[in-house]
């Protein structure tokens, strides 16, 4: 089954962020709690953890992109 | 005023982890009780960690503040009417979260006859009724230096009375609105002189605004001269391009130097690290001093 990863709301004050670095590449195995990617908001760089266990299938945004809350950022293949 | 230098890329220590489920759970609880936190209103870097561990600093009398300090992200605007049921809801949230230590702060309310002191008193009383074992820390405005307001809050009996100096003397007029170094020092002095023996008086400052070592040490000396107990030191993070220009990401070594200098001067507890905020890990701080 494929699970979609959407951009969480990371700042109480804004819904648009600067996408930082990917910490997992397509094909990498992912555990719940593993850091998937980093996002820069006004005050911090947030490391977003995976809520799923499986394999990262696809990255849907690139480093440096502007992303909005709810945007599809990745897909994870779960067993 | 010193020359402006542009400081951009964020240092490594500003990386924080974020568990959406836990943060959402906290958001839902706070929204359900119509409560504001300074964590969310000031967009705190530690929000993910604190909300994730079920900890928060309640901000009463908000969400709008009557002052427009240039370092602060709490909205400046027309203040809302005083919500008489807010103290009970703060107590309810504290109970539901099972907090052993609670921090209550507020916006500045220069529009109110009592400058908001009464809401602090009501909140402390509500907490004592519903969660008698929870220790209480208040982080107050300067109350324009009015001692009747400070007296009222002290009489309600918080465990910690906190009022932030925010920065050194020379920078205060550039970043604080209608607040002065002298008034804040006077508030702390009065609180310490009139607080019972088992109540601690605390303050905090931000670094990275352009302060010098000598100015920080002068501030520490000023605070120790009036016997302030706790000092927190953390990094200023500019909330937006409109806010006061960040001058420096202060290196970790300087936090360690300041820590040693502060301890040497006799503060009972010092927290000095980039992500320290005045309410960050306040519980651990009080426990360390009380020897729990």
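If you go along the chain as it appears here, the first residue is 1 and each next one adds 1.
In case you wondered, yes, glycine gets a Cβ from its N, Cα and C as well.
According to TrEMBL, the feature [4Fe-4S] cluster 1 binding site maps to B:39, B:44, B:50, B:279. Annotation for residue B:44 ([4Fe-4S] cluster 1 binding site): spatial neighbours B:38, B:50, B:277, criterion Cβ-Cβ under 8 Å with sequence separation of six or more. In the three-state DSSP classification, residue B:44 ([4Fe-4S] cluster 1 binding site) falls within coil.
Annotation comment: TrEMBL describes B:65, B:69, B:72 as [4Fe-4S] cluster 2 binding site. There are 22 other CB atoms within 10 A of the CB of residue B:72 ([4Fe-4S] cluster 2 binding site), with all protein chains counted.
Annotation comment: TrEMBL describes B:51-268 as domain 'Radical SAM core'.
Apart from the site residues B:65, B:69, B:72, the chain places the Cβ of B:67, B:68, B:71, B:73, B:74, B:76, B:107, B:108, B:177 no farther than 8 Å from the centroid of the site's Cβ atoms, the recorded [4Fe-4S] cluster 2 location.
DSSP assigns residue B:72 ([4Fe-4S] cluster 2 binding site) to coil in the three-state reduction, placing it in neither a helix nor a strand.
For residue B:279 ([4Fe-4S] cluster 1 binding site), the nearest neighbour among the listed binding-site residues (B:65, B:69, B:72), judged by C-alpha distance, is B:72. Taking the Cβ of residue B:39 ([4Fe-4S] cluster 1 binding site) as reference, residues of its chain lying under 8 Å away and at least six apart in sequence are, in sequence order, B:46, B:47, B:50, B:51, B:56, B:57. Predicted-model confidence for the domain 'Radical SAM core' (B:51-268) is 96, expressed as mean pLDDT.
Taking the mean position of the Cβ atoms of B:39, B:44, B:50, B:279 as the [4Fe-4S] cluster 1 site, the remaining residues of that chain whose Cβ falls within 8 Å of it are B:37, B:38, B:42, B:46, B:47, B:51, B:55, B:56, B:57, B:277, B:280.
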